[in-house]
Amino acid sequence: MKKFFLLFLALGAVAFAGEGESMIKAYSVVAAGVGLGLAALGGAVGMGHTAAATIAGTARNPGLGGKLMTTMFIALAMIEAQVIYTLVIALIALYANPFIG
């Protein structure tokens with residue numbers, strides 16, 4: 001009985017082998033959406049913490065406000081760069097997928 005079950009599983013894989021490309025496309029869309037959503041969420045949390053720390057530092061020592069703002073903008077650019085890198089990877093997965101022949 002086990003041998004027949006394994007045979008049917010093997011034949012099922014052969015029967016549906018032509019649908020592999022559409023499954024890769026579907027999973028690429030899901031992966032791009034989830035990846036970009038998580039990257040945006042992480043970026044938003046990181047930017048919020050950066051802004052809160054800058055505001056707290058400026059409140060403690062107003063004389064350092066300019067230097068803190070400069071450092072904050074550099075940190076925000078680095079955080080946003082991570083989200084942009086995720087967007088580039090998602091666009092590659094959607095439009096130039098290396099797994100689709």
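Keep in mind that glycine also has a Cβ here, set from the backbone N, Cα and C atoms.
According to Swiss-Prot:
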TRANSMEM  28-48  transmembrane segment
TRANSMEM  72-92  transmembrane segment
SITE      Glu80  site 'Reversibly protonated during proton transport'
Intrachain residues whose Cβ lies under 8 Å of the transmembrane segment (28-48), provided they are six or more past its termini:
76, 79-80, 82-83, 86-87, 89-91, 93-94, 97, 99
Counting every protein chain present, what is the number of Cβ atoms, excluding its own, within 10 Å of the Cβ of Glu80 (site 'Reversibly protonated during proton transport')?
13
